[in-house]
Amino acid sequence: MSASTMNDLSLAPTTRNRRPGSLRPTNVIVYGIALVVVALTLGPVIYGVLGGFRTNAQLAETPAGLPDPWVLDNYVGVLTNPTFWQYTWNSVGVSLITTAVVVVFGVMAAYPLARYEFKGREGLFMVFVVGLLFPATVAIVPLFILITQNLQLGNTWIGVALPQAAFALPMTVVILRPFLMALPKELEEAAMIDGASRIGFFWRILIPLSGPGMVTVGVLAFVASWNAYLLPLLLLQGDMKTLPLGVADFSSEHASDTAGVFAFTSLAMIPALVFFLAMQKRIVNGLQGAVKG
Amino acid sequence: MADDVTTRDVAASPATSPARGAAGRTSRVRPAAPARGGRRGVNSQLRKRLEIVFFVAPALALFGLFVIVPIATAVQMSLFRWKGIGPLVDFVGLRNYVSVLTNDVFTGAVVHNLVIVGLSILIQLPLGLAIALLLNRRMWGQSALRTIIFVPYVLAEVVAGVIWLQLLQPQYGVIDGILDAVGLGSPEQGWLGDPDLALWTLMVVLTWKYLGLAVILFLAGLQGVPEELYEAAQLDGATWWQVQRKITIPLLGPTLRTWGFLSMIGSLQLFDMVWILTRGGPANATTTMATFLINEGTERSNFGIAGAASVVLFVVALFMAVLYQQLILRRDTRPETGRN
């Protein structure tokens with residue numbers, strides 16, 4: 001009796017921590033649930049990718065079937081479609097400009113908000129915090145008029161990128177400020193004693209050290225811009241459209257060509273997925289940082 | 001706005017002057033000089049002020065031009081009858097607001113938004129929490145699992161929407177196909193074509209799209225719970241469920257509350273997914289405030305009405321944000337403000 005209790009006590013931590021894969025009943029249930037979650041999560045995506053390898057006849061006959069035979073025509077059709085590449089190119093351009101503006105302006109604004117002491121600092125910071133509440137939707141119609149009529153930037157990359165950057169700034173500043181605050185004060189004091197100005201400190205010490213933070217906000221801004229729909233929808237036409245607009249257009253213009261829509265959509269999501277996989281840690285860290293404040 | 005802040009700083013400069021500038025080089029040049037707070041202090045204050053302006057100005061200019069100005073314009077526009085041509089002359093006071101607030105389509109849209117806010121939290125909170133608690137253990141393929149769960153969130157709403165549109169196609173879509181195969185019927189006009197079902201179908205797609213965010217955030221919060229607490233509770237003979245209920249979930253509070261806030265704001269601004277799936281239809285069954293104002297503004301050129309709808313959307317969002325802050329987030333921020 002006492003021996004078995006002893007045994008339990010000494011064994012319990014080992015089984016819990018060292019052998020995670022052991023097939024106890026609870027583990028089976030957990031893995032079962034995990035499988036269901038994975039299936040429901042990935043199911044639609046995988047179905048779309050596989051659907052691109054089928055013909056419309058196959059899709060209509062057995063909606064839930066596998067490609068039989070596998071057909072490459074849909075994907076080849078999209079990949080040899082110059083419009084697809086034009087849209088991809090536009091998406092890359094708009095997203096890169098947005099990201100560059102957000103990161104540069106964001107880190108500049110976050111620096112005094114984090115490391116200068118001045119009256120009105122918290123008030124200034126609140127401007128950006130309240131900015132989190134402004135959806136682009138609220139301002140979208142005047143924004144459309146401002147950009148197309150007053151600034152004459154309608155149907156240009158920069159006309160989409162600048163407002164997108166402006167709306168991404170609050171999140172950027174809110175994430176970067178605590179990041180810059182966390183860098184130890186001694187660094188700054190040491191730099192000052194060595195004769196560096198605050199601007200010198202910013203360039204030579206703060207920027208290199210805050211690389212990870214800037215990558216995080218950069219990735220978030222890039223993904224948001226890459227996926228954006230509403231602003232490009234209003235501002236871009238014809239050859240200037242981005243990929244999400246292309247996907248939406250293709251699916252309504254070729255509504256009867258389900259397989260083609262699947263192929264186009266699958267190819268359009270590859271860049272975002274690849275980028276996500278490469279930058280996964282950063283995206284997740286950024287979002288978690290935002291939540292933890 | 002920048003001017004405002006700077007002038008206030010200038011006025012307040014004596015109060016903040018002994019802060020930093022004087023400590024370094026200045027003091028070494030003239031140690032213990034009685035005039036230290038004098039001209040040099042003012043100079044370094046001025047310099048500091050210029051630096052602040054230099055760093056903050058680009059962001060504020062961009063923010064002002066593309067966020068503040070358009071929002072102010074929306075407010076202004078809402079007071080005029082304007083079709084987008086010529087100057088704003090036809091001042092109508094609050095008539096656009098009356099017309100928006102008495103419009104059944106718009107009030108319906110507000111209700112839809114509120115239903116989506118409520119259901120998103122009611123569905124995703126327990127579901128996300130359950131999945132996060134189950135996955136918060138060392139298991140095979142854990143990191144792959146986390147990646148997979150997050151995939152829908154990373155996809156563009158348009159991409160996710162178009163895929164679901166195909167899956168949900170009446171008769172030929174795979175969902176109807178599966179339901180047929182197991183002997184269940186499906187609605188004749190399709191899941192998105194039936195006014196009674198469209199909003200619920202939309203909720204299913206939104207849950208699919210956004211559950212991953214909840215799970216990832218909750219898992220991150222769970223990692224912040226110290227392991228010793230679990231060990232102590234287990235030594236005290238607590239069951240798994242007691243540990244979750246008494247330790248994990250309370251400690252996860254701040255994460256849950258912040259997620260709820262993000263979810264709420266997102267639901268109120270919902271546009272992309274609705275526009276792709278239903279355009280607000282059928283028979284306005286899924287119209288949201290955002291689709292309403294885009295429809296009025298860009299398709300019908302009723303800019304005054306769109307402006308009024310924008311302002312109402314903003315006021316609703318602000319009101320709910322303040323309410324949320326007061327009722328729920330306050331518990332998190334109170335100790336922090338105490339420290340500051």
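Just so it is clear, glycine is given a Cβ too, placed from its N, Cα and C backbone atoms.
Automatic prediction, not curation, is the source of TrEMBL annotations.
For reference, TrEMBL has these:
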type	residues	note
TRANSMEM	A:28-50	transmembrane segment
TRANSMEM	A:87-111	transmembrane segment
DOMAIN	A:88-279	domain 'ABC transmembrane type-1'
TRANSMEM	A:123-145	transmembrane segment
TRANSMEM	A:157-180	transmembrane segment
TRANSMEM	A:201-226	transmembrane segment
TRANSMEM	A:259-278	transmembrane segment
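Of the candidate ranges A:28-50, A:123-145, A:157-180, A:201-226, A:259-278, A:157-180 has the most C-beta pairs within less than 8 angstroms of the transmembrane segment (A:87-111). With pairs at least 6 apart in sequence, the transmembrane segment (A:28-50) and the transmembrane segment (A:123-145) have fewer than 3 Cβ pairs within the 8 Å limit; the two do not touch. Against the transmembrane segment (A:28-50), stretch A:259-278 has more CB pairs under 8 A than any other of A:157-180, A:201-226, A:259-278. Within the chain carrying the transmembrane segment (A:157-180), a Cβ under 8 angstroms from the stretch's Cβ atoms is held by residues 90, 93-94, 97-98, 101-103, 105-107, 109-111, 113-115, 125, 128-132, 134, 136, 143, 147-148, 151, 206, 210, 213-214, 216-217, 220-221, 224-225, 228, 231-232, 235-236, 240, 242, 286, 289-290, 293, all 6 or more beyond its ends.
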